[in-house]
Amino acid sequence: MLNVVIFGAPGSGKGTQSELIIKEYALDHISTGDVLRGEIKGETELGKIAKEYIEKGQLVPDELIINMLAKVLDSKKDSKGVIFDGFPRTIPQAKALKVMLNERGTDVSVMIDLQVEEDELIQRLLKRGEISGRSDDNLETIKSRLDVYHNQTAPLAAYYVEEGKHKAVKGMGTIEDIFGRIKVAIDGAK
Ligand code: B4P
């Protein structure tokens with residue numbers, strides 16, 4: 001199984017590149033952000049809790065995310081491989097993912113770390129905010145998401161270096177050029 005973690009700051013292009021990776025490698029896509037937005041839209045109990053965190057630019061608590069992820073993973077039992085987009089975002093989430101995959105006889109194959117300068121991240125998210133209507137794409141919330149990324153999520157890069165799975169990829173330039181670099185990283189890990 002090919003299991004790819006796509007990692008990077010908010011606005012680094014995780015969602016955009018995931019779409020291309022899925023097509024190229026016939027993987028299933030699990031985006032915790034998309035699952036949470038679906039829960040919010042459906043006004044579920046989880047959605048009501050998640051909304052409060054997302055609108056402040058904070059992470060939804062690990063326990064809720066890990067339970068949610070386990071359920072989604074169970075629904076992909078016959079998968080050839082999965083791209084994890086926006087998960088893990090903390091060390092406890094990474095450890096839980098390892099246990100869940102090991103229980104299913106598999107593991108993370110590679111972690112793609114998309115690297116984009118901060119000014120560019122802010123510009124991309126403000127631009128998306130103008131058209132998407134996403135409640136977290138405004139300057140105040142973007143700044144808080146970037147702080148959360150630096151404090152809680154960025155340390156995961158060292159975790160995956162330790163696991164021998166980390167691949168840094170320059171996330172600036174055209175979408176096609178970035179995808180070309182990602183393919184080299186994934187093919188090298190297969
Ligand atoms: P996400 O939906 O994962 O949001 P994100 O990190 O901001 O990344 P996103 O996917 O939206 O952006 P992308 O990099 O694709 O999470 C939202 C919230 O949910 C989090 O803040 C958190 O509260 C909660 N959450 C989600 N997962 C969680 C977890 N595991 N634990 C706890 N809480 C969790 O960038 C997109 C923009 O850049 C697009 O508009 C795109 O068009 C543009 N773009 C992409 N590539 C480009 C390029 N090369 N050039 C120019 N623009 C580009």
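The backbone N, Cα and C atoms fix where each Cβ goes, glycine too.
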Legend entry - According to TrEMBL, which candidate in Arg89, Arg104, Arg128 joins Gly11, Ser12, Gly13, Lys14, Gly15, Thr16, Gly173 at the ATP site: Arg128
Legend entry - Further AMP ligand in TrEMBL, beside Thr32, Arg37, Gln58, Leu59, Val60, Gly86, Phe87, Pro88, Arg89, Gln93, Arg145, within candidate set Arg124, Arg134: Arg134
Legend entry - binding-site residues near ligand 1 among Lys14, Phe87, Arg134 (Cβ under 6 Å): Lys14, Phe87
Legend entry - Cβ-based isolation winner (fewest other Cβ atoms within 10 Å) among the binding-site residues Gly11, Gly13, Gly15, Gly173: Gly173
Legend entry - Averaged pLDDT score, the region 'NMP' (31-60): 97
